[in-house]
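Listed features, source TrEMBL:
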DOMAIN    B:6-113  domain 'HIT'
BINDING   B:N31, B:Q87, B:G93, B:Q94, B:S95, B:V96, B:H102  substrate binding site
MOTIF     B:98-102  motif 'Histidine triad motif'
ACT_SITE  B:H100  active site, tele-AMP-histidine intermediate
SITE      B:Y121  site 'Important for induction of apoptosis'
COMPBIAS  B:131-143  compositional bias 'Basic and acidic residues'
REGION    B:131-172  region 'Disordered'
COMPBIAS  B:160-172  compositional bias 'Basic and acidic residues'
2 protein chains.
Amino acid sequence: MPLAKDVVKFGTFVVTNQVFHLTRLSFAVVNLKPLLPGHVLVSPRRVVPRFNDLSAAEVQDLFLTVQRVSRMVERVFNASSLNIAIQDGADAGQSVPHVHAHIIPRKKDDLEEKGGTDAIYEMMEGEEGDLNRQLRAKEKAAEADVAEDQTRGHFPAVDNDSRKPRSDEEMLKEAEWLAEEIAKDEQAQGSRTEDSQ
Amino acid sequence: MPLAKDVVKFGTFVVTNQVFHLTRLSFAVVNLKPLLPGHVLVSPRRVVPRFNDLSAAEVQDLFLTVQRVSRMVERVFNASSLNIAIQDGADAGQSVPHVHAHIIPRKKDDLEEKGGTDAIYEMMEGEEGDLNRQLRAKEKAAEADVAEDQTRGHFPAVDNDSRKPRSDEEMLKEAEWLAEEIAKDEQAQGSRTEDSQ
């Protein structure tokens, strides 16, 4: 069962099953095609394109959520560092016009074979990081009622980086797991739970 | 005259002359070698390496400052988008162990000749983005009492991207200009000034 009671939208896309953390003004989702294990997104609940569109309350809630989520994913994915990045506007590489912070757990030499530490950014900016394209392909597949395991063949362009888009079930399972893990942190801290829904 | 009355430190480096905005818990500085015009950094005043080290008050102040500064640099550098990025830990490419958000104004096709939109990240991660190395070189030059215009020849490794490190005077001048510009925004908004010093 999804964590969110209402429909949660990322841009025009319904991502309800991917939500693993909700606060009054922000939500966190797992990715259809994470660039590295534990790659997640945090967004304001209000669909606005630019960081400057956010109210002070939204900015504060968003980054307290980023901190809480980044602490958790670093722990559960056994990482040692994190990339936290916002592509704020199309000319900075933003593909879905809804403010979102990428959180990507990092380990020593985790992208050695892809060209080193900085390769994550090329991946984020390139086709394999094009969230809009991936989510659109997923929507089209659902509309056409294509069986999940047949989906790949229909969208070769999306898959030419050879990562398989994950099923709704797989994402929901990860979202439930991460929701449990973040609850552990909150219990351990004994605070901040007033933001949660 | 520098904006900051006290010495401001970025990691172990004194950056007082580079400060153009100060709040109770955060500061913003111009760069010794900006990757693009208007590339600035925002940091918590407390010298801590990881995002998770920040208190809730520090997180909130930091990102309200990032929003205020990013709005201003986008305006004064005639940009259309922004990259906002934190390399949180060494394995994510962090060179100075003091939390800092890069804010980089972007324009359409601004990095066309360097390989496109995503080239900014390679630049950030590569030698030309190695803040620690650049600031160390600057410190050594100052210690040796080397005349500013002779500095370049002594540190060829730092300069092999052919960008000249800027002088203290040049950075101070830009910092004063940006301080004036952010004051304009604050007057226009008629609020948020309670954070400023």
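Placed from the backbone N, Cα and C atoms, the Cβ positions cover glycine too.
Taking 8 Å as the upper bound (exclusive) on CB-CB distance to chain A, the binding-site residues B:Q94, B:S95, B:V96, B:H102 give B:Q94 in sequence order. Here the Cα atom of B:G93 (substrate binding site) is found 12 Å from that of the residue listed as 'active site, tele-AMP-histidine intermediate'. Mean per-residue pLDDT, taken over the motif 'Histidine triad motif' (B:98-102), amounts to 98. Cβ neighbours within 10 Å of B:N31 (substrate binding site), excluding its own Cβ and spanning all shown chains: 23. In this record, substrate is bound by B:N31, B:Q87, B:G93, B:Q94, B:S95, B:V96, B:H102; the longest C-alpha to C-alpha distance in that set is 17 Å. In the three-state DSSP scheme, B:H102 (substrate binding site) is classed as strand. By neighbour count, meaning other C-beta atoms within 10 Å, the densest spot among the binding-site residues B:Q87, B:Q94, B:S95 is B:Q87. Across the domain 'HIT' (B:6-113), DSSP helix (H, G, I), strand (E, B) and coil residues number 32 helix, 33 strand, 43 coil. When Cβ neighbours within 10 Å are tallied across all protein chains shown, the highest count among the recorded positions B:H100, B:H102 belongs to B:H100.
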